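Participant: Got a structure for you, questions after.
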Amino acid sequence: MKAGFIAVVGRPNVGKSTLINKLVSEKVAIVSDKAGTTRDNIKGILNFKDNQYIFIDTPGIHKPQHLLGEYMTNIAVKILKDVDIILFLIDASKPIGTGDMFVMDRINENSKKPRILLVNKVDLISDEQKEEKIKEIEEKLGKFDKIIFASGMYSFGISQLLEALDPYLEDGVKYYPDDMYTDMSTYRIITEIVREKILLKTRDEIPHSVAIEIINVERKEGKKDKFDINIYVERDSQKGIIIGKDGKMLKEIGVEARKEIEELLGEKIYLGLWVKVKDDWRKKKPFLKELGYVEE
């Protein structure tokens with residue numbers, strides 16, 4: 001038995017969460033097309049051929065604009081020192097930009113661990129462009145212990161990735177039970193489900209300005225469990241967008257979130273959603289701490 005912790009890093013919105021969900025074959029991390037979707041280090045655990053791979057989905061490393069962004073970048077950078085392997089993800093269909101190089105600089109500053117580069121969406125480029133991409137990688141990002149190419153939906157590349165990770169796993173250890181695919185609590189998963197539905201249904205500044213908190217859980221024998229959840233935004237205008245005309249948007253969010261939560265729990269529930277305004281909450285340390293977004 002071998003096991004190891006693998007930090008999955010990259011610029012925001014490069015596809016880290018999609019990769020981990022695919023690897024684990026479970027929905028561990030929420031996914032949207034909005035940058036900054038992942039706010040915490042989330043573990044996805046894969047047991048395969050007597051090996052245990054613990055993939056850590058990190059927030060996209062970027063230059064922070066507020067305390068929440070600072071927290072997200074700090075925990076992503078900190079994990080670089082603690083893992084066994086760094087898995088850097090880039091998009092083959094896009095030029096390597098300043099965001100990718102910013103991530104590479106943080107890796108160089110904070111870790112000497114083995115580095116594997118996963119180049120996603122290689123099915124969107126030609127063989128000639130693939131050769132050019134390899135040269136671009138060497139020029140802008142430097143050397144890696146291994147470079148793996150994968151298709152956009154990972155129809156190929158996964159087995160090659162696991163094979164590349166194997167030599168760096170630690171012998172004789174196992175960190176989690178075979179039936180465990182994440183270390184996230186059920187309540188945390190529930191709040192992430194609600195946030196995902198908002199991300200998928202709203203636009204502009206809303207996705208970055210939303211926080212979710214379970215404020216009450218009622219369990220009575222013979223009755224459905226009831227979850228009351230606050231949705232925090234920073235402006236009255238944002239509150240109006242989430243509620244929608246005659247409450248239509250909030251109802252749609254609630255219906256979709258409740259359905260997925262019921263699938264998670266295996267039982268019917270009541271779900272109450274309440275939209276609250278907390279001015280500039282992303283800049284306020286006490287509130288961020290209340291939500292679990294400030295390191296002790």
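Every residue gets a Cβ built from N, Cα and C, even glycine.
Predicted, not measured: the structure shown is a model, and the values here were computed from it.
So Swiss-Prot lists these for the protein:
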- 2-171: domain 'Era-type G' (DOMAIN)
- 10-17: region 'G1' (REGION)
- 10-17, 57-61, 120-123: GTP binding site (BINDING)
- 36-40: region 'G2' (REGION)
- 57-60: region 'G3' (REGION)
- 120-123: region 'G4' (REGION)
- 202-279: domain 'KH type-2' (DOMAIN)
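Can you walk me through where each of these features ends up in the structure?
Facilitator: With helix defined as DSSP H, G or I and strand as E or B, the region 'G1' (10-17) counts 2 helix, 0 strand, 6 coil.
Only residues 6 or more beyond the boundaries of the region 'G4' (120-123), in the same chain, are considered here, and those with a CB under 8 A from a CB of the stretch are 14-15, 19, 89-93, 130, 149-152, 154, 157.
The average pLDDT computed for the domain 'KH type-2' (202-279) is 92.
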Participant: Could you work out which of the binding-site residues (N13, T58) has its C-beta surrounded by the smallest number of other C-beta atoms within 10 A?
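Facilitator: So among N13, T58, the binding-site residues given, the one with the fewest Cβ atoms within 10 Å is N13.
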